[in-house]
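Features reported for this protein in TrEMBL:
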TRANSMEM  12-29  transmembrane segment
DOMAIN    71-227  domain 'Glycosyltransferase RgtA/B/C/D-like'
TRANSMEM  93-114  transmembrane segment
TRANSMEM  121-141  transmembrane segment
TRANSMEM  147-164  transmembrane segment
TRANSMEM  176-200  transmembrane segment
TRANSMEM  212-229  transmembrane segment
TRANSMEM  345-363  transmembrane segment
TRANSMEM  369-387  transmembrane segment
Amino acid sequence: MWKKASVTRAETGIVAAILALAFAVRLYYMKAFVQPALSGDAANYVAMVKRWVATGIYSFWGGGPDAYVTPGYPTFLAFFFRWFDGSSHDPLIWVYGAQIMLSTLTVFGLYLIGRRVCNSYAGYLAGLAYALYPTAIWASALILTETLYIFLFTGYVYLFLVGMDRESRKWTAAAGFVLGLTVLVRPAVAPLAIMPLIYWLLVRRVQGPIKLTIWHLAPFVIVMLPWWIRNTISLGHFVALATQTGNPFLAGTDPYFTEGERLFKNLQGVDQQALGWQRIREGLATHPSTWIMWFTVGKLRVLFNDLWVVPHGRYFDMWQHLHQWGVYLGFSSLLLYVKNVKIRPLLLFVLIPTALQLMFLPLTRYGFVMMPLLMVLAAVVIVYLATPQRGEQPLEEQKDRVVP
């Protein structure tokens, strides 16, 4: 069984201070800086939710039911627009407040993950890094999916780690339930529904991997089922996730953005996903080195080399180099994969979504959602390097039986 380290009063105080700092800087940012007018996806989300609340029709573009985006974030927004639309404050103020709370709770989740896979010091470092990370501060004041998604995904990762550590059906089922909610916000991580089986193959030999996978998959399906039923009834055909995937997939077949908007001209009635696969086949046949580099190193550089732009202040500018160091240290934890069984699942939770994202349009915005777990991994590397006897893994918990 896992032996848990007790939580000291000093540890509780440090965590409380980090959480208070995270909440304070997010609240200060929202009040101190004038936020730009809604545009792009943010404006579309608000317009969609207003139509949905007023008419009961779920449609991203209007004009009839659709499944262009999954319903997680629109449902989150609709709660505030339905219950606070008549209040003296704009419903968006309540959304921002809720997102500040979720972002602060994410800091706590990262501390828990860091403590579980390494020790309290790794948890402190990861939590503090995200508490002060400029994009995380900025994103909590945006009407976009990132803050809600990162909160849910962080919760999922922690529940999954506990479930696998204890080989517990209850915790594994809870993880599957939260994964379903996460996928309804951003569907890219849907393949993680079979994560217990992947864990058994690549991390360690847990008992009953098929049963654990079923316990993980069943609540995931239960969460997704209303969306599947709605799509089948309203649209007349089954849509598993969302219908917008063809557009970012096609956009991802433009090496180094050489074609830009020209790629999307005269596409009325064209199957964009099929066109994307055709472009990949032709590109690999005619310019293999360019296309292979684009789908590997090229997209990774776009995703992780820069901060997702924050428009205010020198404080945010100085984080560029710290961001890059965090990325390098986080990915350098791959060197510990064989030696440290505890961080293997965490690495997989970074590598699998990143590999999936390489098939689509790369943006720093999409790299940002991987940064929280990279911060935990970077913290583990720092603690490992700072440990005098590196052969003794500085874990809060040790398992009596670990089969690689």
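Cβ coordinates come from backbone N, Cα and C, glycine included.
Just going by CB pairs under 8 A, the stretch in 121-141, 147-164, 176-200, 369-387 that sits most against the transmembrane segment (93-114) is 121-141.
In summary, the transmembrane segment (369-387) does not lie against the transmembrane segment (12-29): fewer than three C-beta pairs, each 6 or more positions apart in sequence, are under 8 Å. The predicted model assigns the domain 'Glycosyltransferase RgtA/B/C/D-like' (71-227) a mean pLDDT of 95.
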